[in-house]
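Peer 1: Found this in Swiss-Prot, in case it helps:
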- N10, R21, G195, G216, H217: 3-amino-2-oxopropyl phosphate binding site (BINDING)
- D12, H13, R48, H53, T103: 1-deoxy-D-xylulose 5-phosphate binding site (BINDING)
- H46: active site, proton acceptor (ACT_SITE)
- E73: active site, proton acceptor (ACT_SITE)
- E154: site 'Transition state stabilizer' (SITE)
- H194: active site, proton donor (ACT_SITE)
Amino acid sequence: MNKELLLGVNIDHIATIRQARGTRYPDPVQAAMDAEEAGADGITLHMREDLRHIQARDVRLIKQVLQTRMNLELAVTEAMLDFAEEILPEHACLVPEKREELTTEGGLDILTHRNVVERAVRRLQLMGSEVSLFIDPDKEQIRAAVDVGAPVIELHTGCYADATSEEKQHYELQRIKEAAEFAASLNLVVNAGHGLHYHNVKPIAAIRELNELNIGHAIIARALFCGLKEAVRHMRQLMQEARLYVND
């Protein structure tokens, strides 16, 4: 029997809509509860240092009401680690961050920032959080993740999602497959995410080594037309269908 592939729903862009007008709506807290009710296995949110979408208040309230688990994405900075120490998320994913980027542009470079990342991993683990590192599908970065003590990685699927030709997409899919196999051979839990949507998720979901996909923008965009609960259910259905064809 194939292992179930989990879905973490990222609700950042509910907050993006709210912050565009500085209103109190739409409410990320309500979105988190609706996503859970529709079958999300966890809620992912990224409180960026520039506070462009998710605010500290959102994180505090969501932590109080979640029935599943929180995956808090954060930059490797003292301020963000201090905040995590207040929240104590079940899962914490360290990500790279640039103020000028529209969205996360690539994976964390553990090789370059090993000492800083290692200290952050240890600090989060002392808080009781399971730590994940958001990295490119690169074997050297995967080895470095093991070296700094992270038990979980999240493979950056952005290059696959942004591919402009079938050849390029196939190449990037193979990179992700090989990276997932390599990471699993090192006893890492392997998640994936970034840029995944309803038309490209199935090949990724069919990778047997993957434990969880974190998806946000596509689900929130679909929700504008069919509602958030239906958007979450549809994504789960596609992921489950992909797993039916994976050999044990």
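Backbone N, Cα and C atoms are what each Cβ position is placed from, and that goes for glycine too.
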Peer 1: Between G216 (3-amino-2-oxopropyl phosphate binding site) and D12 (1-deoxy-D-xylulose 5-phosphate binding site), what C-alpha distance do you get in Å?
Peer 2: 7
Peer 1: Determine the minimum-neighbour residue: among G195, G216, listed as binding-site residues, which Cβ has the fewest other Cβ atoms within 10 angstroms?
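Peer 2: Least crowded of the binding-site residues G195, G216, by Cβ count within 10 Å, is G195.
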Peer 1: For R48 (1-deoxy-D-xylulose 5-phosphate binding site), what residues in its own chain, 6 or more apart in sequence, show a Cβ-Cβ distance under 8 Å?
Peer 2: I54, A75, E97
Peer 1: Using DSSP with the three-state reduction, classify R48 (1-deoxy-D-xylulose 5-phosphate binding site) as helix, strand or coil.
Peer 2: coil
Peer 1: Need this for a regression test: recorded positions H46, H53, E154, filtered to those with Cα within 10 Å of N10 (3-amino-2-oxopropyl phosphate binding site). What's left?
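Peer 2: Taking H46, H53, E154 one by one, the ones whose Cα falls within 10 Å of N10 (3-amino-2-oxopropyl phosphate binding site) are H46.
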Peer 1: So if I draw a 10 Å sphere around the Cβ of H13 (1-deoxy-D-xylulose 5-phosphate binding site), how many other Cβ atoms end up inside it?
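Peer 2: That number is 21.
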Peer 1: Would you mind sorting out which of D12, H13, H53, E73, E154 (the recorded positions) have a C-alpha within 10 A of the one on G195 (3-amino-2-oxopropyl phosphate binding site)?
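Peer 2: Among D12, H13, H53, E73, E154, not one has a Cα sitting within 10 Å of that of G195 (3-amino-2-oxopropyl phosphate binding site).
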Peer 1: How big is the gap, in Å, between the Cα of H53 (1-deoxy-D-xylulose 5-phosphate binding site) and that of H46 (active site, proton acceptor), rounded to a whole number?
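Peer 2: It is 8 Å, counting Cα to Cα.
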